[in-house]
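Feature annotations, reproduced from Swiss-Prot:
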- 33-53: transmembrane segment (TRANSMEM)
- 77-98: transmembrane segment (TRANSMEM)
- His83, His182: heme b b562 binding site (BINDING)
- His97, His196: heme b b566 binding site (BINDING)
- 113-133: transmembrane segment (TRANSMEM)
- 178-198: transmembrane segment (TRANSMEM)
- His201: ubiquinone binding site (BINDING)
- 226-246: transmembrane segment (TRANSMEM)
- 288-308: transmembrane segment (TRANSMEM)
- 320-340: transmembrane segment (TRANSMEM)
- 347-367: transmembrane segment (TRANSMEM)
Amino acid sequence: MTNLRKTHPLMKIINSSFIDLPAPSNISSWWNFGSLLGVCLIVQILTGLFLAMHYTSDTMTAFSSVTHICRDVNYGWLIRYLHANGASMFFICLFLHVGRGLYYGSYMFLETWNIGVLLLFAVMATAFMGYVLPWGQMSFWGATVITNLLSAIPYIGSDLVEWIWGGFSVDKATLTRFFAFHFILPFIIAALAGVHLLFLHETGSNNPSGLCSDADKIPFHPYYTIKDILGVLLLILVLTSLVLFSPDLLGDPDNYTPANPLNTPPHIKPEWYFLFAYAILRSIPNKLGGVLALVLSILVLAVIPFLHTSKQRSMMFRPFSQCLFWILVADLLTLTWIGGQPVEHPFIIIGQLASILYFLLILVLMPITSLLENHLLKW
């Protein structure tokens, strides 16, 4: 008799995706982050669901409802901090996942890569709207500053901002709609992640060498299920340590002050995972130019497959490209640091130089270096 997992319509899909899936025999721990992102998404949806049971999306009671969750709801503090720090873990995994894709040439799977870029935008939008919900000082002013950027769009900018606000400033209507969108978007992200996997399983996974691995495939279960479980355990260890020992490490103290439209915080800044993009935005003195640079800092990922000039897929055997990749990583860390600093000398010039270097590396230096490596190998 044929095994049920190979005949049952539902089990067949699960079987071909997680059990009998042929996987390259040499994929390293850098390939663990896809499953970790799935776990992060599940954690965020579950904790978010329980938070939504007690949260009220009204400007008068939003801040109090979050305080109520932390003080009066059974394990409410745990759920709240798991959700807040879960977002940080989500972005750490996201950045490492994208970095892996860049290093090993996974972007050559065009459909998978483009869905991934779309997912990145969706997760960033969700995180931004989630940050507004506690209605602290940084929530309110962050929402005001970021939504105001849309006013830089010619002709329709001002109308667009007022349409998003639902009035003439960030107020009750804004908070209510942000809560609605923040609730629905994770489910859209889950659906997109399904499409992401669908496209990936059409081509099969890439591997560190960047070479075709069809001649040497192994079943996903038990080899990579065990490997993924180890990754998940490490993720849970890091997340619980963060939540139980220093839950406010990655947050902003200003958000423990209720939102006050009459009092501007000295330094308005987003959560740490947006600081690199915020630094690029601030490095351009022109409003529209800054907004374009902000969008392009993420959208540039979609262009990378078309700038691949090397005859090798992976950077594993390309030392010059490796150097540029790690310079790019250092540059992004520099931008993250600059994004959290006040707008004054020397931070302004450092931010501008780091922003120029970011685009220069991706759009110019990396493609030229790849051509040089081809030439050195006489290809």
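The backbone N, Cα and C atoms fix where each Cβ goes, glycine too.
Using a 10 Å Cα-Cα cut-off around His182 (heme b b562 binding site), the binding-site residues His97, His196, His201 reduce to an empty set.
Separation of the C-alpha atoms of His196 (heme b b566 binding site) and His83 (heme b b562 binding site): 24 Å, rounded to the nearest whole number.
Taking pairs at least six residues apart, the transmembrane segment (113-133) and the transmembrane segment (288-308) share three or more Cβ pairs below 8 Å and count as touching. Listed by sequence, the residues of this chain that lie at least six past the ends of the transmembrane segment (33-53) yet keep a Cβ under 8 A from its Cβ atoms are 69, 79-80, 82-83, 86-87, 89-90, 93-94, 96-97, 100, 182-183, 186-187, 189-190, 193, 228, 231-232, 235, 239. The list of residues near the transmembrane segment (347-367) in space but at least 6 beyond its ends in sequence, with Cβ under 8 angstroms from a Cβ of it, reads 279-280, 282-284, 293, 296-297, 300, 303-304, 307-309, 321, 324-325, 327-328, 331-332, 334-335, 338-339, 341. Other Cβ atoms within 10 Å of the Cβ of His83 (heme b b562 binding site), summed over all protein chains shown, number 21. The Cβ neighbour count for His201 (ubiquinone binding site), using a 10 Å radius over every protein chain in view, is 14. A Cβ distance under 8 Å defines the sequence-distant neighbours of the transmembrane segment (226-246), meaning residues of its chain 6+ beyond its ends; these are 29, 32-33, 35-36, 39-40, 43, 78, 81-82, 85-86, 88-89, 93.
Cα of His83 (heme b b562 binding site) to Cα of His97 (heme b b566 binding site): a distance of 20 Å. Counting every protein chain shown, 20 other Cβ atoms lie within 10 Å of the Cβ of His97 (heme b b566 binding site).
Cα spacing between His97 (heme b b566 binding site) and His201 (ubiquinone binding site): 17 Å, rounded to the nearest whole number. All protein chains included, His182 (heme b b562 binding site) registers 21 other Cβ atoms within 10 Å of its own Cβ.
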